[in-house]
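Structure first, commentary second.
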Amino acid sequence: MADAWEEIRRLAADFQRAQFAESTQRLSERNCIEIVNKLISQKQLEVVHTLDGKEYITPAQISKEMRDELHVRGGRVNIVDLQQVINVDLTHIENRVGDIIKSEKHVQMVLGQLVDENYLDRLSEEVNDKLQESGQVTVSELCKTYDLPGDFLTQALTQRLGRIINGHLDLDNRGVIFTEAFVARHKARIRGLFSAITRPTAVNSLVSKYGFQEQLLYSVLEELVSTGRLRGTVVGGRQDKAVFVPDIYSRTQSTWVDSFFRQNGYLEFDALSRLGIPDAVNYIKKRYKNTPLLFLKATCVGQGLVDQVEASVEEAISSGTWVDVSPLLPSSLSVEDAAMLLQQVMRPFGKHASATVFSDTVVVSEKFINDCTKLFSERMHQKAEKEMKNNPVHLITEEDLKQISILESVNTNKKDKKDERRKKATEGSGSVRGGGGGNAREYKIKKVKKKGRKDEDSDDESQSSHAGKKKPDITFMFQDEIEGCLRKHIPDAPEEFISELAEHLIKPLNKMYLEVVRSVFMSSTSASGTGRKRTIKDLQEEVSNLYNNIRLFEKGMKYFADDTQTALTKHLLKTVCTDITNLMFNFLASDLMMAVEDPATITSDMRKKILSKLTEETKVALTKLHNSLNEKSIEDFLSCLDSATEACDIMVKKGDKKRERQILFQHRQALADQLKVTEDPALILHLTSVLLFQFSTHSMLHAPGRCVPQIIAFLHNKIPEDQHTLLVKYQGLVVKQLVSQNKKSGQGEDPSSDDLDKEQHDVTNTTRKELQELSLSIKDLVLKPRKSSVTEE
């Protein structure tokens, strides 16, 4: 019952409070959100939404929670982890990081992580523990262990050296931290090891062999060397090729170098390299800086050796001999170094040194070279005289002709020589109206002009300038021939020297040979001056005779048909016309010192060579004459011949009736004399046919053997029937004999043709007997006395 009343009193009290309480207004959640957003937009409230959108958080609270989280995590936290813990956007975290770093100096931002000094102190303690345990730690290993950048870690550890970390940083390699005990231990090892070294040793090999820390080794080694604790030097710096050279070795080395140089007078760079001296050139320069030395490619030579070579060279030059300096030099000296040494020795002589270097080591005086040249003097004269006789057209070059022409113009007045030539020509052929009959014509024109006749006063200068532009195109001797002669003269000379000397002598010998050729031609020209006078007279007479013969031969050809005339024309151009052309060219060649003994030996190429050396005025006429030999017209050839004789100042006597009768008679007699002595059936038939043609037509004929059938056919109605029948029969036998001979030569040694050979032999014997029986009768057709006509006489 009492409990019920207690409950009633409690309810009455609650009701009374409710009656007297004031009423309050409550906002909905939506209204709250709108109000907060309004305040944020008006910048009256600065709060940040959480990622789930259920809460607002102030920037100050974010900073507080970041500091708390950094402390909880031991002084190092990643900002990504902070974003997950605080549950706000990463941008707000990054914005507050800058404020924290500014307000708290002991906090730093490293690789997206907040790190404070407490963490770095604990890290330094851990590093110190490792350092004391191993004696050294490397920053690179610490970077991998703690995932921090090397520069940041080096800076942080450096600040704590001596305070937290009991060690010191290598000054040369700031990536290593040592303890004093470690450095002292290594220093003692390095000192002991290098104190025991007695020869140059590569430092790099010791690092790998004894496990030294490379940078520490170089630092300690340099310190020990600089303080004098170690006697030696480090060559090559802090590189893979660094070498430690102890003083005891250097002293031994220097003693050996001094002794070798004193005894031999030179030093080899390779030998010094084998001694452990890497830069031999600089070593020698420092060692012998007050000693005159000559540095070559692979060696260094002292003044004593240079003086010895120089004395030998001077002796060779003064005595007019040669010397090979290689025996005077050490055998280890290369050919290239010997050549460089000799070049230095020859330099004081300057450009006027009367010596030449062969094979790099052989010095030859100019006097010796001249003596070698004189060995070939006699042979030059012999060869020049022989070549002049054999083929002078190809022996003398155009340049030689210019120079010879200059020499002639110096000794002879141009006008007097021209007048003298005209006088000689007149004496040899008679006056205009005398000697050739009333109808004779004579042609006279200017003498052939030669290049080089102008400017006589400057002949030497022009000669030298031309000689420099055009080399001789003749060869005296080949190199192997010259080498053979030199071996006999200097048997003790090296083979390479002989070869180079021969090559050196080729041009001078060819030049001398050219001078000898000129001299031979000039002497030959001077000795045959009187003979030339007769030559001009004889030439004009011979040209006139051949000219008239060609005219008469042309007249005889007109009795035949066109095809036969063509064959006769070609034959005449190839023989008589070519002979008269060669006479003309040989006449001009005599003025050019290019004449040959027999004009018949002049070929087409030789005529072209002569043409190339003529003046333009003469060349035009002679070129047309040369080209007309390949044409098919005698009239064109004679027209060109008239122009050529006119250009060459050759007077040609044109024949009259009396002259023609004399030529006909002489030609007939010449053919008859030849017919009397010959026994060749083919030639008998040929000569008889031509003579019968002349008897019947009173015209000369110059025909080849293949035109004999046409001549016999022409004579059918010109001679008695019995004579023509005999001639035709003889012709058949001649043809039969020729066919038989051709068959015999064509069969050769064929065994299957024995029977045919026997039969052919019988036929040939029969034919030969018949020809022998008829030959006398055929000759009698023209040789037997007969009545002569008036025109034949």
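The backbone N, Cα and C atoms fix where each Cβ goes, and this holds for glycine too.
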Residue carrying phosphoserine as stated in Swiss-Prot, selected out of Ser458, Ser745: Ser458
Summary of DSSP states over the region 'Involved in CDK5RAP3-binding' (121-250), given as helix, strand and coil counts: 73 helix, 20 strand, 37 coil
Mean predicted confidence [pLDDT] for the region 'Required for E3 UFM1-protein ligase activity' (2-212): 80
